[in-house]
Ligand code: S3P
């Protein structure tokens, strides 16, 4: 597919719903008691897979267009699926489901697509088996298809997380809600806290003290009405586009601004980007952002900042190709085990377009500022690499061809339409 190029960008975008929160809205709705109504659910492939997975586990879920209604079955009310549950490309669906299934009386097998079946699961097996579940990977490996045999006798744990991962933390918390006693999790770095926030929103109790989280189980949650805010990880592509395309201004509406997710705003401001936060709705953690063309300087991005922008790093690397100086991204080895190896994929594809970017052990080094040129590039089957390359194409003078653009529907089905309506040419 030929990617879109432009002279400048102008207009506004309604940012689609947050993928992390949309997955969790179905999960919490399913294990709560009573009815949950979710508005602004993300109808992207990853979240639809979570929805289907819970239907497979016997949860009545009705998609009524505006709202999704879930009749919660309670923590003990899931029923065995008739066959293997296929969660497609979604690591969040698979890993969080393992935490929920740890407390059942039955066995479930979960599998994914070719990408997910290569992603590491030992990080799940260690804590959840310490809590009493039995988990085995394909041919005794750590990889999916994964079979989990739950137990009603889950024991709480004290767990020092070896990596910063919201998925691992969340799965332990889902299991801890079903275990008798106090579970304590010590995070390596603070990762996104949607699960902790939603436990409270669904009537549960959890304490956080810096990097330490306490949850006393068992707890029964209660169904809620909720609206999913827009996804800052989707907004990120427009933030970078608005900053690097000359003479542009884009208004991004309904962007979720939970602090554990806003690293991109902090880093872009530090690099000199013209970002304004307006209509800041603190109650709903959502705001309107305005981004305009910016003169950018390089930055070093590392440590505690990394989990606050982990999914945005490929597009931040693109931003750095347009910043003066050397940008260093480090402590980001987790990027190697995302939907693809995002360190290598980002470096390889941006190099094809003329960027001065090198992969390192735990990140990327980018020398700016370089003009980007036409190329044939690949998404590597990864939605975020595909979207990053479309943003890069906007500033290329020559044609850019993207292989396998369909993967973008995994998180953002209307991405190309939303870009198209911003594209402007001087008459
Ligand atoms: C997610 C957590 C992050 C992130 C992923 C979604 C979540 O993964 O990269 O896209 O919803 O909890 P890790 O927790 O593995 O870092």
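The backbone N, Cα and C atoms fix where each Cβ goes, glycine too.
Binding of phosphoenolpyruvate is annotated in TrEMBL for 19, 91, 119, 342, 384; the matching candidate from 167, 178, 285 at the same site is 167. Less than 8 angstroms from the CB of residue 19 (phosphoenolpyruvate binding site) sit 42, 44, 46, 47, 92, 231, 233, 234, 411, each of them six or more residues away in the same chain. Reported as a whole number, the C-alpha separation between residue 167 (phosphoenolpyruvate binding site) and residue 311 (3-phosphoshikimate binding site) equals 13 Å. Within 10 Å of the C-beta of residue 167 (phosphoenolpyruvate binding site) we count 23 further C-beta atoms, all protein chains included. Of all the binding-site residues listed (24, 338, 342), 338 has the fewest other CB atoms within 10 A of its CB.
The binding-site residues 119, 384 differ in how many other CB atoms lie within 10 Å of their CB, and the one with the most is 384. Among the binding-site residues 19, 20, 167, the residues whose Cβ lies under 6 Å from any atom of ligand 1 are, in sequence order, 20, 167.
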